[in-house]
Each structure stands twice: as C-alpha cells, then as structure tokens.
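Trainee: Reproduced below are the annotations present in Swiss-Prot:
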BINDING   G14, P15, T16, A17, V18, G19, K20, T21  ATP binding site
BINDING   T16, A17, V18, G19, K20, T21  substrate binding site
REGION    39-42  region 'Interaction with substrate tRNA'
SITE      T105  site 'Interaction with substrate tRNA'
SITE      R128  site 'Interaction with substrate tRNA'
Amino acid sequence: MGEVQREKVAVIIGPTAVGKTKLSIDLAKALNGEIISGDSMQIYRTMDIGTAKVTKEEMDGIPHYMVDIKNPEESFSVAEFQERVRKHIREITERGKLPIIVGGTGLYIQSVLFDYQFTDDAGDAIYREQMEKLALERGVEYVHKKLQEVDPESAERIHANNVRRVIRALEIFHTSGEKMSDQLEKQENELLYDVSLIGLTMDREMLYDRINLRVDIMMDQGLLEEVEGLYNRGIRDCQSIQAIGYKEIYDYFEDRVSLEEAVSQLKTNSRRYAKRQLTWFRNKMDVTWFDVTDGEKTSEILRYIEGKLQLKSNNSK
C-alpha cells in the first residue's frame, strides 16, 4: 500500500511588525487558502490594538480562525492550541482549501506541526502555588531567574511576563527532574504535515523602526483606552495581561511608571521580543527565509510555495 498522503500546510512566520498579515492574505487569495492565526494572544476578545489583531477590512473576505475565541480572563494552553488548530487544518483541507498558519508564537506553531505529546499530569499544585506566591511577592523576574538556573533554554524562550509558562516549566523540572526544553527536544523530529515553512526577515534597524512606529500608531488608535477597559473590568492576574502591550500599560495605571515610561518600555520589550522570535525560528525550525527589507516578495514566495507543495495558484497560467 502507498504512503498516506499528508495534509498540505503553508506556514508564514517572522517577528512582529515584519509584514506577515498582508502577505498571508495575498497568498490566501492566490492559493485558495484560509488563515489560522498562530499568535497566542490574538485569541483574546477585546484585545485588538495591543495584539495588532487583523481587522475585518484587512481580512478582505478571507476566513480567519483562532482569533477572538477566549475572554481575557480565561486561560489558554499550548495543548489546547494544538488540538484546535489541528482540527481546523483537517476541516479546511476537507473543504478543498489550503490551511495557512500565520504568526509569531514559535512553541505554539511548532506544537502543531510536529508530533508533540502533552501529558495530562496534574503536576504539583502546592509547588505551583508557592511559585505563584513568589511571583506576586518578589516579582516575575525573580521566578524567571529561578527558571534560568535550572533550564536556561526554556528561560530564553519564555518571556518573564508569561508567568504561567515560566511556572509550568519550573513545575516540570520540579516533578520530573527533566527540563521542559529537553522533553520538547525529544519530540521535535517528525513533521505531521506536508509543510512549506516561510520566514520573513528584514534589516534589524528597519524592523526596530517599524516596531517603534507601530507602538506609536497603537497609542493613536486607542491602546491606552483598550487597556483601561480591561483594567476597569478588574482583570488582573490573568494570562492575557502578561502580553507585551498590556503589562506595560498596566504598570502605568497602577502608578508604577509614567505614561511616557510605559510607552518606552513597550517599545523596548517589543524589540526584544522580535529578537527572541527570530532566534527561536532560526534555531528550532527548518525555515526558508525571505528578506523583505527592500519590499514585499509576494510573487517569489508564491512560486516557492507552489513548488514545495505542488500547488497551482489562481495566478498560474
């Protein structure tokens, strides 16, 4: 019997502000595709500006999934992301369309593409509560430093603001004696799909300028009011509020910094995050990179995907 044909999936990755959204929609139009967000924060309703969520106008009629599926006070795990996205891939494929995953959350995307197994192990609730208490009393950086001591690779990958994942990595080490990064490393070798993995990059200074400009635009669009709405709803120690763009403005509302300092910190954290994203993708995934410093490469990328996945686009003759 012949080998079972794997589902085709195109994946567009890259750092924040590099131009993934427009490219993905152009590709979806050309390739009869539907888009799955690979961003762990665009899942939250009412968190639109700070997550640079794709707008209805930008979607231009292309279906998007994994956007606005949770309330900000709800938690969300990589295991749930994996399950939901794999279901979307099946359903999109069954409709004769091409699933296109777009985003910047490396671990989440990797968990879908590779044969990751997530245990239902409840872990150690007492230890978890101790770490949560430490994070509240001594700050998230203190707990993140504890992770750096036992699992530096996970600490590099997980931002200090993502307290839930930092504590989960500590908990895995505490209960099993094994690093979270080592557990994942063992599972990374088998792709489950026929994948075309595209990465966008650009000159670092240009990218950083774009990030700074994006933050200014977010403030003009009403980021302060968006975060104030969450703050006034009493949303505090939730996973969603650890996101870059929200934590910094929360510091302002809690009188820890001035608004100017909050915006400056947001720009700094966004640039650092972009750098971490690029490091992750380059170290962890077999990506074909396209430099878009001098402008978009839509036609070139389209030809590459057609060849890699043996597809015909609507632009093909």
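Counting starts with 1 at the first residue shown.
Every residue, even glycine, has its Cβ placed from backbone N, Cα and C.
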Trainee: Given the model, what does the mean pLDDT over the region 'Interaction with substrate tRNA' (39-42) come out as?
Mentor: 93
Trainee: Measuring Cα to Cα, tell me the gap between G19 (ATP binding site) and T105 (site 'Interaction with substrate tRNA') in whole angstrom.
Mentor: 15
Trainee: Would you list the DSSP helix, strand and coil counts for the residues of the region 'Interaction with substrate tRNA' (39-42)?
Mentor: 0 helix, 0 strand, 4 coil
Trainee: Could you state the CA-to-CA distance between G14 (ATP binding site) and R128 (site 'Interaction with substrate tRNA') to the nearest Å?
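Mentor: G14 (ATP binding site) and R128 (site 'Interaction with substrate tRNA') have their Cα atoms 33 Å apart.
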Trainee: Cα within 10 Å of T105 (site 'Interaction with substrate tRNA') is the criterion; apply it to the binding-site residues P15, V18, T21 and give the hits in sequence order.
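Mentor: Checking Cα-Cα distances against T105 (site 'Interaction with substrate tRNA'), the binding-site residues within 10 Å turn out to be P15.
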Trainee: For R128 (site 'Interaction with substrate tRNA'), which DSSP three-state class applies?
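Mentor: The three-state answer is helix.
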Trainee: Round to the nearest Å and give the CA-to-CA distance linking R128 (site 'Interaction with substrate tRNA') with T16 (ATP binding site).
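Mentor: Between the Cα atoms of R128 (site 'Interaction with substrate tRNA') and T16 (ATP binding site), the distance comes to 31 Å.
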Trainee: Taking the centroid of the Cβ atoms of T16, A17, V18, G19, K20, T21 (substrate site), which other same-chain residues have Cβ within 8 Å of it?
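Mentor: Along the chain, the qualifying residues are G14, P15, A52, G104, L200, R210.
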Trainee: Sort out the sequence-distant neighbours of A17 (ATP binding site) for me: same chain, 6+ apart, CB within less than 8 Å of its CB, listed by position.
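Mentor: In sequence order, the residues whose Cβ lies under 8 Å from that of A17 (ATP binding site) (at least 6 apart) are A52, L207, R210, I211, R214, S270, A274.
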